[in-house]
Amino acid sequence: MTEPLKPRIDFDGPLEVDQNPKFRAQQTFDENQAQNFAPATLDEAPEEEGQVEAVMDAALRPKRSLWRKMVMGGLALFGASVVGQGVQWTMNAWQTQDWVALGGCAAGALIIGAGVGSVVTEWQCLWCLRQRAHERDEARDLLHSHGTGKGRAFCEKLAQQAGIDQSHPALQRWYASIHETQNDREVVSLYAHLVQPVLDAQARREISRSAAESTLMIAVSPLALVDMAFIAWRNLRLINRIATLYGIELGYYSRLRLFKLVLLNIAFAGASELVREVGMDWMSQDLAARLSTRAAQGIGAGLLTARLGIKAMELCRPLPWIDDDKPRLGDFRRQLIGQVKETLQKGKTPSEK
């Protein structure tokens, strides 16, 4: 049997022409680019190295310069002249039995002695800062070394400088994990993963506490002068505590150089209302809409304090960052936003009642 023919179907529109998909031009990579390829992270952009970091490096890691040598030489000549003149005055006063002048010479000698002692103490502090930079370079070399015998002594010296007792659980775990067949790289890596996080955790807590206090203080303070003074005090105190935590004592000269950084931080805090403009990248739209102007400025000051603490932590730390263990600004950012949100909710609850 023959099947009946199907009726004809007429289409109103024109036939669709097959379009060839358009591809981008081929892009080739050489072997060097392929080996150094790193995927971009969308969660957090890397911290921009700006003026704050440069000043921080100059403050905690002082460098020698020609002008500094000239000033030190002039001060040395002036000090020698003062001492020589003082000796001559003392001899003349003793020969002429001028007891008043002799008492003045004795008082001047005490003042000069105190000044020399302060200079020596300051020099020791600067020397400790330079030694910490050398220790960090030495640790970086040991982390790439396959030799033996230097890693254990180096780590024990770091533990002694940090004030970690031999009976500390973290140090005991490190002693139990190392043996004679391990090279310096493995010994230092174990120290960085078992002992160093104890100090890093304390530094993180100090940074979180200072950043939170700066955020909440500026969020509730109505006076800009109080905000500036509070930020200056908290930033200097944070740097001193982090340096002391890692076994570094800052002298007067280092604090004067750090004061320049604090002034920059205060200037940034005065312009922290820019946080409201870019707040959509940092927090959800709902929370940004509920934040007041003072709260946004407080978050900006808190983030800058946290950034200052991270840089101080990096420069005072005896070991370089390994395995991406460097604290990120985003971690402190989330804590600050959560604390501000909790504070705002607590402020609304009593008013609603």
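The backbone N, Cα and C atoms fix where each Cβ goes, glycine too.
Owing to the predicted nature of the structure, the values given are computational and were not obtained by experimental measurement.
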Swiss-Prot feature transmembrane segment, matched against 70-90, 238-258, maps to 70-90
Same-chain residues at least 6 beyond the ends of the transmembrane segment (70-90) with CB under 8 Å of its CB atoms are 101-102, 105, 108-109, 112, 116
